[in-house]
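**Student:** Can you keep this structure in mind? I'll have questions shortly.
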Amino acid sequence: MENYNQTTYFILLGLFPSSRIGLFLFILIVLIFLMALFGNLSMILLIFLDTQLQKPMYFLLSQLSLMDLTYISNIVPKMAYDFLFGNKSISFIACGIQSFFFLTLAGAEGLLLASMAYDRYVAICFPLHYPIRISRRVCVLMIIGSWIMGSINSCAHTTYALHIPYCRSKAINHFFCDVPAMLTLACMDTWVYEYTVFVSTTIFLLLPFTCIVFSYGRVLLAVYRMHSTEGKKKAYSTCSTHLTVVTFYSAPFAYTYLRPKSLRSPTEDKVLAVFYTILTPTLNPVIYSMRNKEVMGALRRAIQRICSVQM
């Protein structure tokens with residue numbers, strides 16, 4: 001029987017079929033990846049350089065862009081390399097590292113989205129208390145807390161995955177090292193891990209999502225009582241933007257990880273994973289910039305400065 005000490009590599013079966021459709025999907029994913037790199041890097045630089053965006057809300061948004069940038073860079077380059085060169089193997093250690101970063105970023109992003117919802121809740125419902133409740137120091141603590149809690153959760157899951165015996169095929173039916181997909185190759189009962197997945201998903205996804213819904217419920221109630229039409233419009237725009245991002249990220253994640261093992265299929269898991277590993281990191285900067293007048297204003301000022309320097 002083969003155990004984890006003898007398992008030196010895995011084979012990622014990937015996302016793309018070996019056909020023209022596969023080539024088309026590969027080109028599409030690469031273009032989406034480049035859009036994500038450009039969009040998130042632009043958002044980070046814009047918030048860092050523009051003085052009018054030096055606010056807690058945008059500081060949190062820049063961290064979301066940083067997470068998304070790291071998130072998609074952890075998945076797509078390896079997937080593209082495998083498709084181009086036909087070498088789908090990944091070492092045991094590299095698989096563990098990829099899984100660790102994926103789980104860290106997934107958990108940290110869920111908590112960060114909850115922090116962003118709390119920021120908007122305080123800004124709209126308690127505007128006079130906002131400078132005290134949401135200071136730069138509080139933002140830094142929320143961000144550090146998100147990273148630390150995500151890392152601790154990820155470390156526990158990855159350590160478990162690297163210390164169980166694998167005695168079946170080395171082929172992981174996924175396009176990255178997703179721990180549940182890895183454990184289908186284990187030669188032991190993994191019901192304990194399946195329980196911890198449910199607990200972790202509840203803590204890092206369902207609880208933040210519940211807090212976000214509660215926060216925006218209070219926000220919408222406060223907005224409803226406003227007399228300013230412009231204030232209502234701005235608040236509704238902010239809420240709808242954030243809820244769109246959260247739903248697009250959380251729904252596929254929850255559907256994938258809260259289902260019993262017997263109801264999951266590799267093909268469905270891979271399709272759903274595209275949403276929260278590739279599409280969401282690409283759409284986040286687009287949604288936040290297109291629906292935000294301050295960000296668009298900062299972008300226009302940056303373009304004008306670049307044009308003036310070239311002239």
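Even glycines carry a Cβ here, placed using N, Cα and C.
Just so you know, TrEMBL annotations are computer predictions that nobody has curated.
Annotations per TrEMBL:
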- 39-288: domain 'G-protein coupled receptors family 1 profile' (DOMAIN)
- 23-49: transmembrane segment (TRANSMEM)
- 89-113: transmembrane segment (TRANSMEM)
- 134-152: transmembrane segment (TRANSMEM)
- 198-223: transmembrane segment (TRANSMEM)
- 235-258: transmembrane segment (TRANSMEM)
- 270-290: transmembrane segment (TRANSMEM)
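In terms of burial and nearby residues, how do these features look in this structure?
**Tutor:** Below 8 angstroms of C-beta separation, residues 4, 7-12, 60, 63-64, 67-68, 70-71, 74-75, 78, 142-143, 145-147, 149-151, 153-155, 157-158, 161-162, 172, 176-179, 182, 200, 204-205, 208-209, 212, 242, 245-246, 249-250, 253, 276-277 of the same chain, each at least six residues beyond the ends of the transmembrane segment (89-113), sit close to that stretch.
Panel annotation: around the transmembrane segment (198-223), residues 106-107, 110-111, 113-114, 117-118, 120-121, 124-125, 149-150, 153, 157, 231-232, 235-236, 239, 242-243, 246, 250, 253-254, 257-258 of the same chain, lying at least six beyond its termini, place a Cβ under 8 Å from a Cβ of the stretch.
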**Student:** What residues elsewhere in the chain lie close to the transmembrane segment (23-49), defined as a C-beta under 8 angstroms and at least 6 residues from its ends?
**Tutor:** 15-16, 58-59, 61-62, 65-66, 68-69, 72-73, 76-77, 79-80, 83, 278-279, 281-282, 284-286, 288-289, 295, 298-299, 302
